[in-house]
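K.L.:
Please see the structure below; I have some questions.
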């Protein structure tokens, strides 16, 4: 088994952060498209459930590759999954919260404009920072707190757009959307930090932890599926309304979820939030190049704030020990 905090290269960390954020940006756009088209609307709860199944299968395959032999693979599953009901119960907490978060994200995107969703969802950054301080007993400097809130303001400006008429008229409930996004923000902060605490508090394999979480996640999401849409699913079918675009959204959600666990393992949840915000800026720039989107003053200012906030957060914290020792020495000299 790998140690709880393995030393990995900076390139690997940057690679994981980059892939995760690019996938997240594509996921938001694709998800919004599938929820606002005039076609038959699929059940979002079934998509969340299928995503959990795919992530479980991929994690099982990666654990098999990590163990290197069928015997060690079976032993690992027997010891850490089948023979560890307490660990399964421990990992059921984030899976339950993540399931709620995913369903709230679907609900919010169905009732809010994509830009409004992205802006309000950035509140997960200070929420995650607060959970990190409270749950992991870490401290953030004043400069880091400033950078966290500066990032929220920057992303808001980047995505600020005047109200426009959409081609597809969809019935929306903004109040319901904002309520859903508030729950999603709280779930994101708590579940992410809780999972980080579990990952880094033992030497258990990342893929074992994922399997433990996704097993309970499948049970939770499957139950939620039939509690929410059971009658309609029985009438129309589990895969009602599914298209290639819907399967693409599920694929993006699965890949993004796996990369997120790797990022949490080797960096932290706050860095994950900063990386996601940077991806929003990059995706907007790509829209300028590909689709002729006009750069606005608010975007330029917001992008600058995002870059500055990332730089400020990444600055090494000043070691005050030597300064305090020097001050104490001077006081002693003066006293003499």
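Each Cβ is built from the backbone N, Cα and C atoms, and glycine gets one as well.
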K.L.:
Is it true that Swiss-Prot lists residue 137 and residue 267 on the same side of the membrane?
P.N.:
yes
K.L.:
Can you tell me which parts of the same chain pack against the topological domain 'Cytoplasmic' (136-141), counting only residues 6+ beyond its ends and a CB-CB cutoff under 8 A?
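P.N.:
Distal contacts: 129, 148, 193, 196-197, 317.
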K.L.:
Any chance the transmembrane segment (46-64) and the transmembrane segment (142-160) have 3 or more Cβ pairs under 8 A, given the pairs are 6 or more apart in sequence?
P.N.:
no
K.L.:
Just name the winner among 123, 213 (the binding-site residues) by count of other CB atoms within 10 A of its CB.
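P.N.:
Answer returned by the neighbour count: 213.
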